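Participant: For reference, TrEMBL lists these features for the protein:
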type     : residues                                                                  : note
DOMAIN   : B:14-368                                                                  : domain 'tRNA-guanine(15) transglycosylase-like'
ACT_SITE : B:Asp93                                                                   : active site, proton acceptor
BINDING  : B:Asp93, B:Ser94, B:Gly95, B:Gly96, B:Phe97, B:Asp147, B:Gln189, B:Gly216 : substrate binding site
REGION   : B:247-253                                                                 : region 'RNA binding'
ACT_SITE : B:Asp266                                                                  : active site, nucleophile
REGION   : B:271-275                                                                 : region 'RNA binding'
BINDING  : B:Cys304, B:Cys306, B:Cys309, B:His335                                    : Zn(2+) binding site
Protein chains: 2
Amino acid sequence: MTVSFSIIKEDARTGARAGVLHTLRGDVETPVFMPVGTQATVKTMTPREVWDLGGRLILSNTYHLYLRPGADLIREAGGLHRFMGWTGPILTDSGGFQVFSLASLRRIEEEGVWFRSHIDGSEHFFSPEKAMAVQEALGSDIAMAFDQCAPYPCTYEEAREAMERTSRWALRCKEARRREDQALFGIVQGGVHRDLREKSAKDLVELDFPGYGIGGLSVGEPKDIMYQVLDYTVPLLPREKPRYLMGVGSPDCLLEGVARGVDMFDCVLPTRIARNGTVFTRDGKLVVRNAGYARDFRPLDPECDCYACRHFTRAYIRHLIKANEVLGIRLTTIHNLHFVLELMRNIRRAILEGNFYDYKEAFLARWNKN
Amino acid sequence: MTVSFSIIKEDARTGARAGVLHTLRGDVETPVFMPVGTQATVKTMTPREVWDLGGRLILSNTYHLYLRPGADLIREAGGLHRFMGWTGPILTDSGGFQVFSLASLRRIEEEGVWFRSHIDGSEHFFSPEKAMAVQEALGSDIAMAFDQCAPYPCTYEEAREAMERTSRWALRCKEARRREDQALFGIVQGGVHRDLREKSAKDLVELDFPGYGIGGLSVGEPKDIMYQVLDYTVPLLPREKPRYLMGVGSPDCLLEGVARGVDMFDCVLPTRIARNGTVFTRDGKLVVRNAGYARDFRPLDPECDCYACRHFTRAYIRHLIKANEVLGIRLTTIHNLHFVLELMRNIRRAILEGNFYDYKEAFLARWNKN
C-alpha cells in the first residue's frame, strides 16, 4: 500500500483521533494541516521555510499546474517534488473544484467538463481519466478522484446529480489509475443533504479507497451547517482510513473538524489573509494593516514565538505592507502558517494527553471573545 | 571617532586597497558592496538572509523613510536598526539624490529644496539641517551630507552651481551634526568636469570628513566617462579615508571602481533587475523570464552555490516569475546579491593575495564575451 494510516489514540469525549499517515516520502502525524502550494509554491515561502514551520504534507493544485507550466513540463523536470524542491509528500487535488469555481464557460457532460482557462481563455477538457493522467504526470503521493462539487446554495436535484456523477467518476478514476506509487483518495459529495451524503459515502466506501475526502463543504454555507454535515457524514466513513475535510483552515473549524473525527485539512485562508495584512492571534484575527497599529511596537501576537514575532513589530510589518514590500506579506504568512501548524501540534498533543475537549473549549472561548 | 578606516593592503598594479571600516556596530571588510534597503527592508529579504549572504553594511534611504513611515515613528521604535531588525551598521543617504530624481515640483534655494512627495503629492522642504535631523532620528551609523546632484547631461554652469552649493551645504551639515555616535561623510560633486571635481574635492577635504562619497556618477553618462572621472577624482581624496562611489553596482563597474581606489559601493541594480527576472552569471546577464528557459533544468548559474542555484532550476524560477509568485523574485534576488557579495569577497582576497589585476582581467574577459 502506497499510503497507510495508523491510529495512535482516539479521544474519549469527542471523535478526535491522533494518528500517523505513512507515505513513501515519510510519515505525517495527524491531525494534519496541509499548506497550499497552488502554483508549485506555498505563496511567498521557500520549501525549507515551510518545513521549518512544521509543514510535512503540502497540497498542490492540478488545475493550475496543468494550465501553467503544464504537466508535461513538470514530468520532464522529474515530477513536482523535484520541480519545486519539496522532498516531503504532496497531495494533489483533482482539479474538479477549480474547474467548477475558477474556470468559465463550463459544459458538464457525463464524459467530463469543458472549461476555459482563467489565464488566457483557452478551451480545455477534463475527465476522470484526464485528471488521473495529469496527477500521475505531476507524481504526487496522494491523488484525489475527479469530482463534481455542487455550489451552495443549490437545489436538492443539483446536489443529487453532482453526487451521483462523483460516484461514477470515482470508479473511472480508480480504473484509470496506473501509478503504483501514488495513492488515490475518493471524495464524498452530497451537499447539505443527509441522505445524499449517506448514498455518496456508501458508493465511495464500496470502492475501498485508502482515504476519503469530504468535499462540497466550506463553500459558503454557515459553519453550523458544515458541522452538522460532518456530524452525520464522518461516522459513515471507515474508522481505519484517513478522513480529509477539503478547503477548511480557520482555527475554529480545524478544532471542530478534529472533534468530529477529521484527520486532514487544507486551506488557502491562513496564507491568503496574510497577504491582505490580517493575522491570527490567540484572541482572534488582527488586521495589522489598520492605521491603529502604525505605532504599535508589540509583536503580531505577543504569545507567539515564530520568526516574525520574535524579531518584528506590528508597526514595522504595517509599514512594509503599506509600502508594498514583499517582506511584509512574508512575515504575516510565516506567522499565520506557524499559528495553524502549531495549533495542529497542540491539538495532537491534547488528544494524546486525553484533554482535547478542554483544550478545544478553552481555545474557542478566547478566540470567540473578540 | 565613530567610524575609522584601516588599510590592510594596497595593490601594486592598480589603485585597489583592501581595508576594514570600523564602526560601533562591527567591522566591515572593504571593498564592500552595500545592499540597499530603501524602505527599511532590502527588497524581498529578511535581515537574517542579507546577513547570511554576507551583507555587513546596508544602505537605507532618508527620503523614503522620511515620507513613510516618518522619521519620528522610527525614532519612537528605537531607531532604524531596531525598527527593521538589522543589528549591523547602516549608512543612510542624505535624501539629496532622491529629492532631485524622484520628487516633483522642486524649487532649489540656497536654504534648501522644496519638493512634492512621489507618494501623495504633499509638499516638503529639505535643507542640510533637516537632512541631518532626519538621519539623526533614524540613527544610522554613517550619515551622508545633503548634496545637490546635477543631472547628466547638464551645462558646465549647472554642474558648477550644484558643486559649489554642495560644498556650502556640506559645511552646514557638519555644523548641524549633533550625534556623537553617527559619522558624517561628505560628497564630492562636479559632474564630468575635472576642474569642478578638483574644486569640490579640495572644499570637502578641507572640512575633514571621516569618509568621502563620490556623487553624480552612474547617472546616465557612459561608463568610460565615469572611469575617467574616477581616474582624476580618487587621487584628490585622502589615502587614509574610505571612498564611496554612490549608486554603482554592476559587476564590471565594481571591478573598475576598486581598481581606481574605491572602497564602498551601493546600488539597487542587483535587486532591481532580479525582480524583472534578470540574473547575473559568470558569462554576463541572463533573462530567465525569457521563453527559452521554460524547459531549462539547469541552475541560474551552474557555477554558483547560492540557495537558489543549489535547489532550483531556471525552468522553475521562470515559472514562478511568469505566475507572479513572490518566491521567484526572492530566488533571483538571493542569487544576484550573492553574486555581487561573493564578487566583493573574491576581489578582496585577490587584493590580499596580490593578484587583483589578473582576477579583474579574467573576470571581465568572460563577462564581456557575451
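Glycine residues also receive a Cβ, built from the backbone N, Cα and C atoms like all the rest.
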Participant: Rounded to the nearest Å, what's the C-alpha distance separating B:Asp147 (substrate binding site) and B:Cys304 (Zn(2+) binding site)? Just drop the number here, would you?
Facilitator: 39
Participant: Between the recorded positions B:Asp93, B:Asp147, B:Asp266, where is the Cβ count within 10 Å the lowest?
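Facilitator: Checked B:Asp93, B:Asp147, B:Asp266; of these recorded positions, fewest Cβ neighbours within 10 Å: B:Asp266.
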Participant: Of the residues named as substrate binders, B:Asp93, B:Ser94, B:Gly95, B:Gly96, B:Phe97, B:Asp147, B:Gln189, B:Gly216, how far apart in Å are the Cα atoms of the most distant pair?
Facilitator: 15
Participant: Of B:Gly95, B:Gly96, B:Gly216, which of the binding-site residues has the most Cβ neighbours inside 10 Å?
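Facilitator: Per the Cβ count within 10 Å, the most buried is B:Gly216.
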Participant: Under a three-state reading of DSSP, tell me whether B:Cys306 (Zn(2+) binding site) is helix, strand or coil.
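Facilitator: Reduced to three states, the DSSP call for B:Cys306 (Zn(2+) binding site) is coil.
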Participant: So if I exclude everything within five residues of the ends of the region 'RNA binding' (B:271-275), which remaining residues of that chain have a CB under 8 angstroms from its CBs? That is, six or more out.
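Facilitator: Tertiary neighbours of the region 'RNA binding' (B:271-275) are 35-36, 42-44, 285, 329, 332-333, 335-337.
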Participant: Here are some binding-site residues: B:Cys304, B:Cys306, B:Cys309. Which one has the most Cβ atoms within 10 Å of its Cβ?
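Facilitator: When each Cβ's neighbours within 10 Å are tallied, B:Cys309 leads.
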Participant: Could you tally the C-beta atoms, other than its own, that fall within 10 angstroms of the C-beta of B:Gln189 (substrate binding site)?
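Facilitator: Around the Cβ of B:Gln189 (substrate binding site), 31 other Cβ atoms lie within 10 Å.
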Participant: So what's the mean pLDDT when you look at the region 'RNA binding' (B:271-275)?
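Facilitator: Mean pLDDT for the region 'RNA binding' (B:271-275): 98.
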Participant: Using DSSP, break the region 'RNA binding' (B:247-253) down into helix, strand and coil residues and give each count.
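Facilitator: Counting residues per DSSP class in the region 'RNA binding' (B:247-253), I get 3 helix, 0 strand, 4 coil.
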Participant: Of the recorded positions B:Gly216, B:Asp266, B:Cys304, B:Cys306, B:Cys309, which one has its Cα closest to the Cα of the residue listed as 'active site, proton acceptor'?
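Facilitator: Answer for the nearest of the recorded positions: B:Asp266.
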Participant: In the same chain, outside B:Cys304, B:Cys306, B:Cys309, B:His335, whose C-beta lies within 8 angstroms of the Cβ mean position for the Zn(2+) site?
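Facilitator: In sequence order, the nearby non-listed residues are B:Pro299, B:Leu300, B:Asp301, B:Asp305, B:Tyr307, B:Ala308, B:Arg310, B:Ile334, B:His338, B:Phe339.
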Participant: What is the number of other Cβ atoms found within 10 Å of the Cβ of B:His335 (Zn(2+) binding site)?
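Facilitator: Other Cβ atoms found within 10 Å: 27.
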Participant: What whole-number Å value do you get for the CA-CA distance of B:Gln189 (substrate binding site) and B:Cys309 (Zn(2+) binding site)?
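Facilitator: So the Cα of B:Cys309 (Zn(2+) binding site) lies 40 Å away from that of B:Gln189 (substrate binding site).
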Participant: Applying a 10 Å Cβ distance cut-off over all chains shown, what neighbour count does B:Phe97 (substrate binding site) have?
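Facilitator: For B:Phe97 (substrate binding site), the count of other Cβ atoms within 10 Å is 22.
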Participant: To the nearest whole angstrom, state the Cα distance for the pair B:Phe97 (substrate binding site) and B:Cys309 (Zn(2+) binding site).
Facilitator: 35
